[in-house]
Amino acid sequence: MGVLVVLLGVLSFLGRTLGGSPALHWDSTSCHLARPIPGRPLRSLSFLGKDAQGLALFHAHWDGHGRLQVCSRQDEPELTAAYGALCAGEITRGSFIHTPGPELQRALATLQSQWEACRGPAESPAGTREKRAAGQNGVPGIGRQWVKRGWTVPGTLWCGVGDSAGNSSELGVFQGPDLCCREHDRCPHNVSPFQYNYGIRNYRFHTISHCNCDARFQQCLQDQRDSVSDIMGVAFFNVLAIPCFVLEEQEACVEWYWWGGCRRYGSVPFARLQPRTFYNASWSSPATSLTPSPQNPALSRPQPMQHPQQWPSEWKESKSPSKTNATALQAPVASPGSDRASTVQLEVTHPGFQGTTGGRKPPGAHRACRSFRHLDQCEHQIGPQETKFQLFNSAHEPLFHCNCTRRLARFLRLHGPPVGASMLWELPGMTCFKLAPPLDCAEGKGCPRDPRAFKVSARHLLRLQQRRLQLQGTGTDNGQVWPSEDQGAPISFYNRCLQLT
């Protein structure tokens, strides 16, 4: 399986061919991304174009002899927006062709002449992983090989339908996302298309993998912080909506009599499908630009993943914000799709942080909210609607490890909650999770090696809540004003605390 049916693989999966599409305006194509073959015609060509249905992403692929193998059309708004942002981005300058030269014009003319003959790929279902056990290929000591097949996303060797790597250590031009795809390709726990494994049959056209592999894959793509990775993440998690599965031990027959009766029962891992996890792309926020302007130098540097921005020294002398600025701080905040980028968004684009220094937060507010900053930096947490450590978090707030919530409760007992944010710590709920070693499993049964999480009642938070209710004398706090939050763009607890104090 090429790990990811993305950008190009999505086209094959949906089965949309140029032959069945309205006429394309060939004189209005743009953002051409070509993959040449030395001394031969083009291998692949991707570009944006308009037809009667609107803007779409087109892809064509030729074999080594110049014969057209597949051409496809995809008009998903997320993909076309991502491709356009990638085309205009600084990191891909020189990769895209904006003014076609003679060779590219000939390729477009050839593609136009072959329009009616264009058909989808007549190969195995997208996402099929071919395995060969050791000894089958005559090479001892090799348990699995990834065979060159299909076609891949331009600039990568492992992302797409198949792979084009000469060996397992070779990577493409976009090495970061290519590495993510390669590692996800090697997930040891998966169910191939139309195959039966772990007690379930996969009726999809793509392979489904263990949730831990998908979680690592998503985190790897998000860590790259570039549009190439975002295109792949959006296609895999949002467009194709590929689910994942967790393994649970169940009692089943492990040895049968010849006449069909069960001779011996044992513990066998069974797969349980989990809902898909959405991918939050950095380019989805209009305030985030791939080509930062000189006036915003803070956006031109990669931001640290966990540590918030350092406050400039001159802010320490600023006074408390006025009533006008305090109102502005409670306005909706346009935040990127991840918590680690929300601090940058607040500093650069939020109106409450612009203008004179009198509207900025006093240093006391940051000290009072530092407990929530530690909570955001919790090493083990499960995001909303996310499956991690074989546990699905169905809530709309993150689920934290008990060590992190216990540290928060200890801080609040000693120092009290920040003024104006007395109930913020109750948003994650009164539960947390602990990690346990994987279930005992006989060697060779394909059991997951990652720890598994289980939810428990956070008694330290319950005691804190009871104490607050006793001091308050009422069961609710109607005076608490929550910060506005755009749906799908979560704000970190630290930034919520800053808005409330």
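From the backbone N, Cα and C atoms, a Cβ is placed for every residue, glycine too.
Considering N190, N403, the record held by Swiss-Prot lists N403, annotated as N-linked glycosylation site. Note on Swiss-Prot: of 119-139, 350-370, the range annotated with the feature region 'Disordered' is 119-139. Candidates considered were C159, C211, C213. The record in Swiss-Prot pairs C187 in a disulfide bond with C213. Out of C211, C220, C262, the record in Swiss-Prot bonds C244 through a disulfide to C211.
Cross-referencing C159, C180, C262 with Swiss-Prot gives C180 as the cysteine bonded to C220, criterion being a recorded disulfide.
Taking CA atoms as the reference points, C211 (disulfide bond) and C187 (disulfide bond) are 10 Å apart. Here N280 (N-linked glycosylation site) is positioned 19 angstrom away from C159 (disulfide bond), judged by their C-alpha atoms. Distances between the Cα of C220 (disulfide bond) and those of the recorded positions C181, D185, C187 are shortest for C181.
With a 10 A radius on its CB, D185 (Ca(2+) binding site) counts 24 other CB atoms from all the protein chains. Counting neighbouring Cβ atoms within 10 Å of each of the disulfide-bonded residues (C181, C211, C213, C220), the lowest count belongs to C220. Around the Cβ of C187 (disulfide bond), the number of neighbouring Cβ atoms within 10 Å comes to 20. Nearest neighbour of N403 (N-linked glycosylation site) by Cα distance, taken over the recorded positions D185, C213, C244: C213.
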